[in-house]
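Asks: To start, I am sharing the structure in question, which I have written as structure tokens.
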Amino acid sequence: MKNKATAAGKVSLGNKLAFACADVFGGGSFNIINFLFTPFLTLVVGIPMIYLTPILLFTKIWDGLIDPFIGQVTDGKQPGRFGKRRYFMLICAPLVLVGLVLLFFPWNLITNSVALKCVFVVIVYVLYATAQSFVLIPYYSHASEMTDDFNERNNTNAVRLAFSIASSTVCVAVPGMIASPTKGDNGVSYLIMAAIFGGIFMVAILVTALFSREQIVTPAVKVKISLKEYLRPLKLKTYRQYLGMQMCTSMGMAVMSSFFFTFCDFYLRKLSYYQVTVNQDLSRFPIATVAAAMMFVAQIIALPFYLKLIRARSKRFAYLTGAFIWIAVAILMLFLPAETDYAVNGSTVVSTQGTPDWLLIVFGLALGFGIGGTVFVPHSTFGDVCDVGELYFGKRTEGAFSGLTNFLNTTAQAVGLAIPPLVIGLAGYTETQYVTVEEFAAMAPDIDLAANPTGIFETFRYTLGNGSVQLLPLEQSEPAQLAIKLCFAALPIVIMAVGILIAFRYKLTKDLQRKIVEANARHDKDSDDFAALRTDLLGKL
């Protein structure tokens, strides 16, 4: 088999759309988990915030550990009807549906034991992460095989990212309308939400697996499974720089999205949250959902801007522009005032003192515009890095690069996500608790559960159901609020500052990438002339 079966160039619109479909899962699923999983675990399942640190560390590290194995497995498969990568996406698509439903199963319906709930969550998260990796690792590798043309690769990845961001927008806005900790249904609504979106993700993955076509076709690459082989891509300086930019973006996004609703409910709109939770006949404008959705709408709007910036300047410049905007907006968000007063207009609670809704929406748009650059550049850079890797190592192993990238990326996310729950938990964050009827009677002897199955007890809303009493927190302490604000805004500032330092060292340009692709296509790779060219090109990086 030839190293490249066809001359890789223009990708048809239909092929771009089919390829992009799988990132409906890539973008959407991450945001469902990032935005909803922390509130689900703490306010529905009843797991203490501080326990999320070991849970997220273990599950994310597991996710990362299996990725290099999966990358090597896909590299080692002979191309067939479904290529080297799409075969795995086809097989594992149904497992994504099953995994997402299990991930949002309300274990509080099964047991009140916090230890058991933690064990169940870890087990199902490991299962889901495995299914997810068997889809996304081949998909990310598939991306670099669509074409080797610099501009066409950017255009293809722009379509893919548009699908991802559109899915992200929907998956920020709609799931929260279906499922919420304040519904008082013991988490059943989360099961419904997971089944709906799990089905959508499965179909999207199948479309890519069945209908997209890669232009770059390479033979199976068999390597011995070893730690040395796993870490081999790290020898490449360009890959390390790409990885650093990708990791910083992912860490910053994960931290901000995981605590966005917590920041809004327990800090910016704490009085409104209290009122609508106490009185379910009242409602409020879903400002957190709208602002989060606007953040992703802005990323779509920003795509043409960053594409033009890349063509006019470079990918490095586009990344730096986005990162500086992100940091500037995050700094300003540290000074947003919390709600200090409200009014009730009919059945609607309206904030009257604090950060107005329109300003929070503006901040969401500005934040999203900055994030868009830091997200798009790594998406469009992976194929370029694989080109450099082919020149450096003498063979093309996208799976190994993709697997190690996901491993280190998820490990970095694990570290980033482990810090906020620890800090917020130590600051005194209060999670949902479940007690028996007898325990509640001892705690509140003046409350008749038979006559009043739901009501207010101290700083909790209590709800009788499923043989136990749910105690949903209505507010958080001042130290916990401060910790939430700092983790939400200040931590991503530090992370993206590191990303900026790394980006300044990235030297792969459009002209240099074109020369590397031409060098990879040469047939005299044993000649002294090629060796000199290889040394010269790699020396410029």
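Cβ atoms here come from the backbone N, Cα and C positions, even for glycine.
Grabbed the feature section from TrEMBL, which reads as follows:
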TRANSMEM  32-52  transmembrane segment
TRANSMEM  87-108  transmembrane segment
TRANSMEM  114-137  transmembrane segment
TRANSMEM  158-178  transmembrane segment
TRANSMEM  190-212  transmembrane segment
TRANSMEM  242-263  transmembrane segment
TRANSMEM  283-305  transmembrane segment
TRANSMEM  317-338  transmembrane segment
TRANSMEM  358-377  transmembrane segment
TRANSMEM  482-504  transmembrane segment
Asks: By a Cβ-Cβ criterion of under 8 Å, what residues six or more beyond either terminus of the transmembrane segment (283-305) are in contact with it?
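Replies: Those are 31, 35, 158, 161-162, 165-166, 168-169, 172-173, 176-177, 257, 260-261, 264-265, 268-269, 272-273, 275-276, 322, 347-350, 357, 360-361, 363-369, 371-373, 375-376, in sequence order.
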Asks: Does the transmembrane segment (32-52) come near the transmembrane segment (158-178), with 3+ Cβ pairs under 8 Å (pairs 6 or more apart)?
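Replies: Judged by the Cβ rule, the two regions touch, with the required three close pairs present.
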Asks: Decide whether the stretches the transmembrane segment (482-504) and the transmembrane segment (242-263) have at least 3 CB pairs under 8 angstroms, with pairs required to be 6 or more apart in sequence.
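Replies: Yes, the transmembrane segment (482-504) contacts the transmembrane segment (242-263).
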Asks: Would the transmembrane segment (242-263) count as touching the transmembrane segment (190-212), i.e. at least 3 C-beta pairs under 8 angstroms with sequence separation of 6+?
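Replies: Touching, no - the transmembrane segment (190-212) and the transmembrane segment (242-263) miss the threshold of 3 or more Cβ pairs under 8 Å.
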Asks: I'm a bit unsure how to read this: which one of 87-108, 114-137, 242-263, 358-377 has the highest number of Cβ pairs shorter than 8 Å with the transmembrane segment (158-178)?
Replies: 358-377
Asks: Can you work out which residues elsewhere in the same chain, 6+ from the ends of the transmembrane segment (87-108), have a Cβ less than 8 Å from its Cβ atoms?
Replies: 22, 25, 29, 32-33, 36-37, 40, 44-46, 70, 73-74, 77, 80, 116-117, 120-121, 124-125, 127-128, 130-132, 134-135, 137-139, 142, 179, 186-188, 190-191, 193-195, 197-199, 201-202, 205-206, 208-210, 434, 466, 468, 470
